[in-house]
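Enquirer: Would you mind keeping the following structure in view while I ask a few things?
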Amino acid sequence: MARAARRSTTELLWDAIRYGWAQPWTARFRGGIVTVVGAVLLLAIATYNATDPSFNAVTGEPASNALGGLGAAISDILMQSLGLSAWGIALLMLVFGVTRVAQADPDADRKDLRQRALVGALGLLALSAVLAAPPPPAIWQLEKGLGGFWGDSLLHMVAAVLSFAHIPGATIIAAILFGIAAIAALGFAIGVREVDPDAIHAAVSNALQPRARPEPEPEPAPAAKPVRARREKAEPAAPRAGRLPPLEADEDETPIAASQPAAAQRAYTPPPAVQDDEDDFEDSLDARPMAIAKPKTPVKESGREAREQQKAFDFEEDAGFQLPELAMLAKSKPRSSEVDAAALRQNARLLESVLAEFGVKGQIDQIRPGPVVTMYELVPAPGVKTARVVALADDIARSMSVISCRVAVAQGRNAIGIEMPNQRRETVYLRDLLSSADYEKASQILPMALGETIGGEPYIADLAKMPHLLIAGTTGSGKSVGVNAMILSILYKLPPEKCRFIMVDPKMLELSVYDGIPHLLAPVVTDPKKAVVALKWTVREMEDRYRRMSKIGVRNIGGYNEKANEAAAKGEHFERTVQTGFDDAGRPIYETEQIRPEPMPYLVVVIDEVADLMMVAGKDIEGAVQRLAQMARAAGIHLIMATQRPSVDVITGTIKANFPTRISFQVTSKIDARTILGEQGAEQLLGQGDMLYMAGGGRITRLHGPFVSDGEVEAVARFLRDQGIPQYLDEVTAGGDEEQEEAIEGAFSGEGGANDLYDHAVAVVTRDRKASTSYIQRRLQIGYNRAASLMERMEKEGVVGAANHAGKREILAPPTPPL
């Protein structure tokens, strides 16, 4: 153990010496070697003489080069190869070496240095080709031109290629191309990456302008104000509400000297101090105002919970029914009202830098923290398309290290909302929503507490205005909990006299807990076949309600109930004159009908999984849903349909067209999101009640659904069952008479009643004397199954005979007489 400790201590000491002291001096030593070699080469080239002994010349005279025979040989090789460009080798080595010695940065990128050296060598070759273009002067002592062997070879090769392409002035064009390449390469090698034309123009203009006469220096200011004092002075006295001041500077910042008079500033403008790019970026963000929305105050309570505890007021109706108490629901934990403004600003800066990396320019103008997500409002620069930012949702989530990110346009503002989950997620409880003043004092007829907005505000929707709701979401997204919260919202508001339910639950798990409550018109339907019968009964109930409303001349259920209550309060009734027939003289007979209307309750049909029903009886379900969605609003009948498979075979075009209000919980793909909402975004949700609510008109709002446990639902259902026995209607699931059901089936297919269709088929068979299923199918333009049913009925009633071995039937009925 001691040996291992000594070894680790030795290694740590060696690393400290190596990286803390030795490595900077090693970098300086290498730079010094490069500098010395460059100086030696420069001296050898400066004292070059073509007559000195070298590899190309053998003489008995001593070398006149300052470095002797070695210097003469090296300088001869460089001059013969590159000509005057050989001077560039020595100069580049001096630049590299001096820079290395001056900086001595151990973290310097060696790869960058190697790249600069390689590009510099290529630049010297291009420069030699440029120098080979003009003819050498008379004092030039070498056989090759001013560019040496490599310069002449490169220039003649490129000129030959251009001449082969019949381009005039090939040599001049080649020299120009090599000149451009040499300038770019050598500039990169010495560290010139960008050239600012405006800076060059300003420098030339300042050089050409006459200098202003120096004025006497002003007296020094009494005292210089530090940076913090100047910032405080620059800020307005009363900052805008909801905006945080810029971050304060450090205590030990260097004071800034007092400002000079205007004349002195015109005479000389000092250059700005050089500072790190990251610090400059952060300072610019600090100085920019960034509004942070204040967290919402706790939801304003309606006082219902206090009244229930004091027993000073009970929610009794005329029939003695008592609404459930809020104490049956779980109480929420207190939320923190403080917002970490520094963390939000830091996230906003990081988000801006991430967007800049993907080429999106803009500015975070507003930050809206919420219980589950925080929305950063990006004001994009002119020319930035919204679709481009929306497409970066996955990349933004990856760069910000969050689970998911949703990007959408902020309604009514020139901003793009970027929604990212909070590090700590708050839970929304149904009790908080039902105890809020928005729910208690709302004017909605069928209020549903959908959840809280991004800012933490309760969101109460009215099912009567929707008028139907389509819900989709995968398993575990919070869909079933959301449906339970919607049902409980109505049960906490309306007694059975005002609202009744028909619940269809093919999965036999989600809605069975409500079985036996007084609000139900029938037991919870779990058989898909009985679900079809229940929907057909709902259609008949809708038509019956329309007949009642037409008798007293009202347009909707609200007007009908109002008149019914007024008539009952006054002890009056309605009278209507109807024609009952004709007398012997042919005159119509009228009678007075007395109508005593009774208030009709609203009817809510809840289907938990419509996909199972579509698999069993897709056409019947779609036809019934279509009729109810188109006509049931005025009759006070509303649908809530939910599915965990939002595919096009379940949510058909007919269903989507009649359900303008939809809710999408988390789905698995963008295709499912487009199927339910018409646009993507639902695949970026967080699950556990996180939803997108699309109201009529296509406006989409992100909501966080409330949590309600199975125990809470069971407690409320048990309380309601204790209030009384439900009054079930057997015909809801047993169905009406056969003729009515067949008529409804014919109405769903758009062909009128079943009897009319059968009479038409008999007329076709007796007139044309042809009896086959395919023939009836073609003539009546109906499906094969319906045509086969009509043929079996005609065989049963003796219109046609049984089919023989060839499938032909004998027509037993007499032919139809001609008209």
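Glycine is treated like the rest: Cβ placed from N, Cα and C.
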Enquirer: What range among 31-51, 388-408 does Swiss-Prot describe as transmembrane segment?
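Expert: Here Swiss-Prot associates transmembrane segment with the stretch 31-51.
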Enquirer: What stretch, picked from 31-51, 119-139, 172-192, has the most CB pairs under 8 A with the transmembrane segment (77-97)?
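Expert: Result: 31-51.
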Enquirer: Please give the sequence-distant neighbours of the transmembrane segment (31-51): residues at least 6 beyond its ends with Cβ less than 8 Å from one of its Cβ atoms.
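Expert: Hits for the transmembrane segment (31-51): 57, 59, 61, 63-67, 71-72, 74-76, 78-79, 86-87, 89-94, 96-102, 104, 141-142.
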Enquirer: If you count Cβ atoms within 10 Å of the Cβ of G476 (ATP binding site), leaving out that atom itself, what do you get?
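Expert: That number is 12.
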Enquirer: Please indicate, using numbers and ranges, the residues of the same chain that are 6 or more beyond the transmembrane segment (119-139) and have a C-beta under 8 Å from a C-beta there.
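Expert: Sequence-remote neighbours of the transmembrane segment (119-139) are 82-85, 88-89, 92, 145-148, 150-152, 154-155, 158, 171-172, 174-175, 178-179, 181-182, 184-186, 188-190.
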Enquirer: If you skip the near sequence neighbours and keep only those at least six away, which residues in the chain come within under 8 angstroms of K479 (ATP binding site), Cβ to Cβ?
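Expert: In sequence order, I471, A472, G473, A642, Q644, F665 meet the Cβ cut-off.
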Enquirer: Given the model, what does the mean pLDDT over the topological domain 'Cytoplasmic' (193-819) come out as?
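Expert: That region's mean pLDDT is 78.
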Enquirer: Beyond the listed site residues G476, S477, G478, K479, S480, V481, identify every same-chain residue whose Cβ lies within 8 Å of the center of their Cβ atoms for the ATP site.
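Expert: Going along the sequence, the neighbours appear as G473, T475, G482, F665, G687, Q688, G689.
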Enquirer: Under 8 Å between C-beta atoms and at least six apart in sequence, can you list the same-chain neighbours of S480 (ATP binding site), or say none if there are none?
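Expert: Sequence-distant Cβ neighbours: E510, D608, A642.
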